[in-house]
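According to Swiss-Prot, the protein has these features:
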| type | residues | note |
| --- | --- | --- |
| ACT_SITE | His19 | active site, proton acceptor |
| BINDING | His19, Gly382 | anthocyanidin binding site |
| BINDING | Gln344, His359, Trp362, Asn363, Ser364, Glu367, Asp383, Gln384 | UDP-alpha-D-glucose binding site |
Amino acid sequence: MGSESLVHVFLVSFPGQGHVNPLLRLGKRLASKGLLVTFTTPESIGKQMRKASNIGEEPSPIGDGFIRFEFFEDGWDEDEPRRQDLDQYLPQLEKVGKEVIPRMIKKNEEQNRPVSCLINNPFIPWVSDVAESLGLPSAMLWVQSCACFAAYYHYYHGLVPFPSESAMEIDVQLPCMPLLKHDEVPSFLYPTTPYPFLRRAIMGQYKNLDKPFCVLMDTFQELEHEIIEYMSKICPIKTVGPLFKNPKAPNANVRGDFMKADDCISWLDSKPPASVVYVSFGSVVYLKQDQWDEIAFGLLNSGLNFLWVMKPPHKDSGYQLLTLPEGFLEKAGDKGKVVQWSPQEQVLAHPSVACFVTHCGWNSSMEALSSGMPVVAFPQWGDQVTDAKYLVDVFKVGVRMCRGEAENKLIMRDVVEKCLLEATVGPKAAEVKENALKWKAAAEAAVAEGGSSDRNIQAFVDEVKRRSIAIQSNKSEPKPVVQNAAVADHFGAKATTNGVAADLAGSNADGKVELVA
């Protein structure tokens, strides 16, 4: 079957590495189930993706479907520094996107690829407005944990007390979740957060939460069972993770990296089993030089092999380029390897890797859990502090090295060394490894045929197909010709759209939007 005969979903991503990766993984999962998927994000990122990931012009076959890429200009010059300021960039992206995305969808329809559903990730909730204006259904992919989704939801609606300027250090008790200390709440919700623009960006999604017919989540039922069950009574949630595991297309050569990964697998091949500490703080966390130095000496003093990812900051980010202590690489010798970027999925699956020193972003957390990899938690801000709480205290797969930026504390080399050894040697290491392997098995079962996430993906695909048939049927029916305002008032919105978003929303009497399986 050619790609043009398949039901077509259109994925629109915010141009951040931590947003692109899970949405592209969702796209590959949907393609493997027999859909045509178009992935789009601004050209400034598309250029990097093409360079790093060998993305071609033709649709790539994945499982029973295809995935293709279209990128769009965001209206700013290539080197525009304002992209680093979300308060300036998000309005620009919305302004351009609301004009460009409808044109892209119209062009696809003219080329016999009519779009049946739009899917966005956080920071760009206006995509659901575009879908509504076109009479198309929309869905949203949430790229953090369900626990964090619940925290933001309760904050937005003022349902429980959160830290405030008058009560900075209060604990937060959310339904079906463990008690969160003030520094375990997503830090964007702190009254003193240095990132208020990120709080505003996240809250924007909750303003539009009534428009998507489904909220897809990169988690799985068995991992966050209680909070998923609770929030599913409020929002139309479908858990579809871990998205990076795709049984129907395990080796699909379609990636969303912005940098080409360095070759480190051959070096890992040369090391004994469970002997290497993997250190990576993701794509957006940058530590200060003095903390970098302490981590470096902690690694050396531990005597363990290590693979350390040191991603250089974007030139307009304002972060300094960090350096290693003088003579560090010479002292480490063949026991250490430093790279700018790594193929993290392969690294975490490698038998020589013993533990993962991580910032605890949700993508990295899911990859660690699903790979059976113990962690050393080094969160900094945002959802990372909440993820660290769950990794250490709930999922019990690691040890905590720090509590985040709110702690405002330099973690010394002796603490680094102690945590590394605790996670790799002795009874604690054996305990967290055993727990990690249990979560790996649960993750694999969730995405296997008939597993909880696989069933949810299939239900979503079936619903998109059902809505696609209804949309095409609606387009083929004769429409009433609206002659004047009085007639328009009589027919209402249904007369002004050639889609069926209102008819197919599936709302119940309480206004909750339900996904029909």
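Just so you know, glycine gets a Cβ as well, placed from its N, Cα and C.
Structure coloured by features recorded in Swiss-Prot.
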residue	record	CB count, 10 Å
His19	active site, proton acceptor	22
Gln344	UDP-alpha-D-glucose binding site	23
His359	UDP-alpha-D-glucose binding site	23
Trp362	UDP-alpha-D-glucose binding site	24
Asn363	UDP-alpha-D-glucose binding site	22
Ser364	UDP-alpha-D-glucose binding site	24
Glu367	UDP-alpha-D-glucose binding site	24
Gly382	anthocyanidin binding site	28
Asp383	UDP-alpha-D-glucose binding site	25
Gln384	UDP-alpha-D-glucose binding site	29
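Largest Cα-Cα distance over the residues recorded as binding UDP-alpha-D-glucose, namely Gln344, His359, Trp362, Asn363, Ser364, Glu367, Asp383, Gln384, equals 20 Å.
A straight line from the CA of Gly382 (anthocyanidin binding site) to the CA of Glu367 (UDP-alpha-D-glucose binding site) spans 18 Å. With respect to their backbone Cα atoms, the residue listed as 'active site, proton acceptor' and His359 (UDP-alpha-D-glucose binding site) stand 16 Å from each other.
Reduced to three states, the DSSP call for Gly382 (anthocyanidin binding site) is coil. The DSSP secondary structure for His359 (UDP-alpha-D-glucose binding site) is coil.
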